[in-house]
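So the structure is just underneath, and the comments pick up after that.
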Amino acid sequence: MAAILPDLATQVLVPAAAVVGIAFAVVQWVLVSKVKMTAERRGGEGSPGAAAGKDGGAASEYLIEEEEGLNEHNVVEKCSEIQHAISEGATSFLFTEYKYVGLFMGIFAVLIFLFLGSVEGFSTKSQPCHYSKDRMCKPALANAIFSTVAFVLGAVTSLVSGFLGMKIATYANARTTLEARKGVGKAFITAFRSGAVMGFLLAASGLVVLYIAINLFGIYYGDDWEGLFEAITGYGLGGSSMALFGRVGGGIYTKAADVGADLVGKVERNIPEDDPRNPAVIADNVGDNVGDIAGMGSDLFGSYAESSCAALVVASISSFGINHEFTPMLYPLLISSVGIIACLITTLFATDFFEIKAVDEIEPALKKQLIISTVVMTVGIALVSWLGLPYSFTIFNFGAQKTVYNWQLFLCVAVGLWAGLIIGFVTEYYTSNAYSPVQDVADSCRTGAATNVIFGLALGYKSVIIPIFAIAFSIFLSFSLAAMYGVAVAALGMLSTIATGLAIDAYGPISDNAGGIAEMAGMSHRIRERTDALDAAGNTTAAIGKGFAIGSAALVSLALFGAFVSRAAISTVDVLTPKVFIGLIVGAMLPYWFSAMTMKSVGSAALKMVEEVRRQFNSIPGLMEGTTKPDYATCVKISTDASIKEMIPPGALVMLSPLIVGIFFGVETLSGLLAGALVSGVQIAISASNTGGAWDNAKKYIEAGASEHARTLGPKGSDCHKAAVIGDTIGDPLKDTSGPSLNILIKLMAVESLVFAPFFATHGGILFKWF
């Protein structure tokens, strides 16, 4: 029985959803751009009521500047100047990074071509298919060429996603600051809309490029769907390779600046965060955009590309691919298409249906986004599973075909989606200062930094428990129902609301920058309070975003692992054989080696930054008094140079490990390596991200002094607060460099092994062939 949805409808629906997503992003961008970066001239300046008639007589519309008699024109000019400096710094860093990464990608593209082409000795003759020996498939050389093209396509899409995200964020940060003068609700909407621009652009472009690639490759491959979708996996590899360098490079940049600015500025000199006298302050704000925005964008794009590729590879050797059923074959893309529409509806709840009027409504509004998108998406998945799939079909399961029903696939996607929500909420519980875990960490600062560090580490380890159970349950259920295809679509389910997830995630750094601009422009402390409230909520949502990224990475890499094992013709992965076990134990070590490299990189870059900031405070006369400007450019240069130099070794470790193991030790040892890295990487990633997030929010809890308990720990500058700043500084590289990069490590190694699987299966294991 065929799917209800005709093939033509699928061919229209997927690109149409992508176009709607891009159009929605453009509309949001136009709305953000309506906030003018020039001072408005008003009649009767200085009177609080002067502006009241502007928005239908809303009395709350007057600007704080008018009430406090500050010169509005100067404030707007300063904001514009600072925004320009941040945007310029971020753009020049990304261009420098992309030059180096481009070179690396070029070399890697050549490797893909040479390795895959050599599988059949660069033959141009058709060969028997790998899974259906009775049918003829396109030559290995074609697979080499198309995999290389897909790799470049994925890398470029990932690069553009990150770059556009950064541009949007640097465009919106000062606009959020200016809107904060009218109230916290206006600022929230500006920051959130900007996040939505990035979210929808990324989700839609990822979908449309993959869809176009499948159709263009299909012209050559014709009926050889097995070869077509094997070549498409290069798209996921390209996306993740760029994401790795973006995450590591951006993470080192942002944290070197952040640690330097905090240690000298807040701890030694006792000046506020983002004070314009601090030489590292521009580098710090640039870092938020290159690490948290560009890096995060590339990371989630990589996850999305890989989960789609993993599902498509398994589907191509199941009944969908064997019988050439186009609509069920594109089920993963249909899920993503419906996801864009579901997220669009969800976004309207935050920007148009409800208005935020008070500070304490911010975090609930962001949490509602997660809940609404999950509920709407569940209905969407049910529709797609009913319309886009036949009632029963078979799924490839390690050499056999397993009969599966469409309602079972619906459950697989839904379990991934809801597991994502659970991980999100557990992360929020452990990292938000509204709950007891973070308040306990803040309380431990009474006895100094050491107890703060102990409590923070314990919190991080503990926060791993429930997410791991959620991931384990999703894997068990989805694998039992639909083998590895079930796990791949569960990962897609978790990422199906990527547009909303990214909007919430990008909102954090934009709010953080807005607060920094308010401080540097010398705006009223009440505006800083509003941007701080936006930022504290943003910290939690960033942790939730990282939780999603890590959870989906675990499912994606397991699905890719399954596809790799099938492609490399390994019947079972037996841990008791020494070949597999040595891979397992080395794989489990790799996340530690990788974390050591990234943490040390941040440490050594921060050391240079601290020395430079100290030098400027000691040698520039009038800097502390605010009469002379610091030398921001030197600090920006220190961050840029350090991150470019330091991102190559961790990147090379991840990219070369599967190649070395596959070539010298063979596919069985490589399967052990992948399993080991997956199992240990997920744990470290969750605990590192949550520990860092908790320390950051414990510091913010003390600074805000919103409760009786918080006021007993404060104010800013107290011993308690200094202990919290030290915890926050240690947590910075954990939550923004090592933690988030680890999820790319486990996915990237798995997708790389899958792309090179034909080569490893044919020519791999050189060392063991001698014994």
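Even glycines carry a Cβ here, placed using N, Cα and C.
Note: TrEMBL annotation is automatic and uncurated.
Of the candidate ranges 576-594, 671-689, TrEMBL annotates residues 576-594 with the feature transmembrane segment. Note: the stretches the transmembrane segment (576-594) and the transmembrane segment (548-570) are not in contact (fewer than 3 CB pairs below 8 A, sequence gap of 6 or more). The stretch with the most CB contacts under 8 Å to the transmembrane segment (744-768), chosen from 12-32, 139-166, 187-214, 329-350, 548-570, is 548-570. Away from its own ends, the transmembrane segment (329-350) comes close to residues 10, 13-14, 16-18, 20-21, 24, 28, 189, 192, 196, 199-200, 203-204, 206-207, 210-211, 214, 225, 304, 307-308, 311-312, 315-316, 320-321, 365-366, 368-369, 372-373, 376-377, 380-381, 383-385, 388-389, 409, 413, 488-489, 492-493, 495-500, 503 of its chain (Cβ-Cβ under 8 Å, at least six residues beyond either end). Remark: the transmembrane segment (187-214) makes no contact with the transmembrane segment (100-119), by the rule of 3 or more CB pairs under 8 A.
Sequence-remote contacts of a segment are chain residues at least 6 beyond its ends whose Cβ falls under 8 Å from one of its Cβ atoms, and for the transmembrane segment (405-426) they are 331, 335, 367, 370-371, 374, 377-378, 381-382, 385-386, 389-393, 463, 466-467, 470-471, 473-474, 477-478, 481-482, 485-487, 489-497, 544, 547-548, 550-552, 555.
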